[in-house]
Amino acid sequence: MQEQTIPDRLKISPFLIFYVIMAMQIGLGALDYQRIIAKDAGYDAWISIVFAGTCLHIIVWMIYKIAKIVNGDIVTAHMYVAGNLIGKVLSFPFIFYFLLHSLASLRTLFEILQVWIFPTLNLFWFSLGYMLLSMYVVFGGLRTVVGIAFFSLVLPAFLVFTFFPNLLYSNFESLLPIFDHSVKDLIKGSFHMSLPFIGFEVVLFLYPFIKESQKSEKWAHLGLLATTFLYTILAILTFAFFSEGQLQKVMWPTLMMWKIFKLSFVERFEFIGIAFWNLIILPNVCISIWIGSRLVKRIFKIRQKKGVYLLIIAQLGMITFIHTREEINLLNSLMAKVGFAFTMLYIPLLFIAVYIVKKVKKK
Amino acid sequence: MKSLMMYLCILCLLSGCVETNTIDDINIILAVGLDQSDRKQMMGTFLTDNFMPDKSITNKTYTSKAPLRRDLLIKANHQAAQPLVTGGVSVTVIGEKLGKQGIDDILDIYQGDVTIGARNFFAISEGTAKKILQGQYGPEGNGTYLYNLLDSKIKSKELPETNLHFLLRDYYQKGKDIYLPRLKQISTNQIEISGVSLFKKDKEVDVIPSGKLFYFRLLVDKHNKGFFFVPKNKKEAASIKGLSSKHEFILSKKKPSEVTVQITIKGAIQEYTGKNLGVKQVKEIQKNLEKKVEKECLQLVKSFQKNDTDPMGLGAFYKSRNRGFDYEKWAENYKNLNIKVVCRVTIEEPLII
């Protein structure tokens, strides 16, 4: 088995994993998860978020165990389990996974831009501009990509405070009674949290690039905890702000909550929020493209640059074909299902497989 | 360097890709009036303002008829030299007739339209909405005037707290009904708030006259303050300033069909026409006020029940206290619900002049 050696100057500090995970998680699904989970679990859905977040800690623990045993990323793990060739074949679909991830993030962002600000926005040209920007970031290497992830979290962090004026217009009694829904409904709600929660699995791909990799585990858990906390708070604020029947009519609850917030220099705050949302989506796209191209490089042994071109062209080609609301919904629900299957089903399976192989190899 | 040039080039080229709206080239709608014109058609009145060279503001209204609200705007746009945009709507007035027919479609559109803010006001008019918008009310323009009128009345607590967000939230919440302030045109340059219209689902069913608004507010607003006046039995009268008040719903544990609305008022006596104001008199005033509030509020509650409308949100309250709450059964039993009103008044130290 080949051991990849990555020079220290290309590696990132362990604590940066915190930002990578949060930046990758927040983006897809973060604008409308409240509506989707409340459909099944009603206003008890915040329990679903806490439950889903707790489950994911186990998955993160598994990811670190896998990575430690094989001392490498998911491709190494596949090769460790199934040999060189089959290992590569198994890793191949993940290129599409990340392509889908960036495609879904980008298309959802564009939909908001089209609905809110520019109804006549030309998809192709705007995505070309966005792609050139992300290409520029990705060519800077992983360290630049992670830097973008850092800034995309820190710069828009003030947005959290803009939800607090809503407290004046909120009614927290609508959250009562707690536990009004069956366990089945709550678990359904947790399942729908998979779209906003996916993204933490990038650790399994970035592992070889982290300095003193095992030290980053606590940061990964912290990142996940922070996201869970943020999502729960935001969900509770949303549930108090909208009534249950109204929430189902609100397309993007997170954005709609800004409608009530008014500053003396800007009548409607959503426009600032949406502008910052561009920045929040950027690391989603950049990290996805970087990992996708990295996988291309590892599997086909071609230069990573070519992989980047390939992914960007594929993305530009596909994005122009997604027009209607239904298609975007389909894309998002597909991403949610694939993400759920990968994180909650495939990673535990891989974990078991790696463990068995380790036992066998020892003998 | 080469790539930098490329980016610059693209930046310049792409900037022309989106539609621009210059503020001088658009007509911002400030108020919308919606009326039922005949059985199928709606009539929309869109109010904009023009800034004249001498710094005065003139009102301009565009009127159109169509079966759908969206069409109303498109048709009105035919008359306007510059496109009408809805981003600045601050007041929407519903005609009386339309209010009785139901406003479900309109609320649905307001819920879905992302260009309309959440802080603007909805009101219902006596007579047509068109007439209200076509008056001449003040130098600041009709749209601003109407907005300020409603806003100041809410701030001074003469009207119950309302805006589009509260309205839509209550409308889509099961177990709570909506209410809208009523506007009445006295003359072409005068307008007043004549009360509140109560709705059952999306149809107007009852009107609370402005004289009873104080009691209505005690029932629907959680927290309150405001002035009120209590005539005493004999010759003396006292004016009491309400410092704060709140209401609470209390469920009876034994009987599920009994609920008590407990109103607590804290006030101070502002003025008293009698000669001396001692402890005894204060007590008397307090008792009188309690009795009066209880009587008036109970009357209102009874009329809510008679009309089967629930502006207090008792259904929503029951839901938050009971697991597995059944709205349909609730709606059936609402009329027979035994609602009691209990009022407690505390009067702070009388003001001695």
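Including glycine, each Cβ sits where the backbone N, Cα and C put it.
In TrEMBL this protein carries:
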type	residues	note
TRANSMEM	A:12-33	transmembrane segment
TRANSMEM	A:45-67	transmembrane segment
TRANSMEM	A:79-100	transmembrane segment
TRANSMEM	A:112-133	transmembrane segment
TRANSMEM	A:145-169	transmembrane segment
TRANSMEM	A:189-210	transmembrane segment
TRANSMEM	A:222-242	transmembrane segment
TRANSMEM	A:271-296	transmembrane segment
TRANSMEM	A:308-324	transmembrane segment
TRANSMEM	A:336-357	transmembrane segment
Which residues of the same chain, at least 6 past either end of the transmembrane segment (A:189-210), have a Cβ under 8 Å from a Cβ in it?
4, 6, 10-14, 17, 20-21, 23-30, 33, 36-41, 44-45, 47-49, 51-53, 55-56, 59-60, 63-64, 66-67, 72-74, 76-77, 94, 101, 142, 216, 220, 223-224, 227, 231, 284, 287, 291, 294-295, 332, 335-337, 339-340, 342-344, 347
Interface present between the transmembrane segment (A:112-133) and the transmembrane segment (A:336-357) (three or more C-beta pairs under 8 A):
no
Tell me whether the transmembrane segment (A:45-67) sits in contact with the transmembrane segment (A:222-242), defined here as at least 3 Cβ pairs under 8 Å among residues 6 or more apart in sequence.
yes
Candidates A:79-100, A:222-242, A:308-324; stretch with most C-beta pairs under 8 Å toward the transmembrane segment (A:112-133):
A:308-324
Same-chain Cβ contacts of the transmembrane segment (A:79-100) under 8 Å, 6 or more residues past its ends?
1, 69-70, 72, 205, 288-289, 291-292, 295-296, 298-299, 311, 314-315, 331, 334-335, 338, 342, 350, 353-354, 357
Rank A:12-33, A:145-169, A:222-242 by Cβ pairs under 8 Å to the transmembrane segment (A:271-296) and hand me the top one.
A:145-169
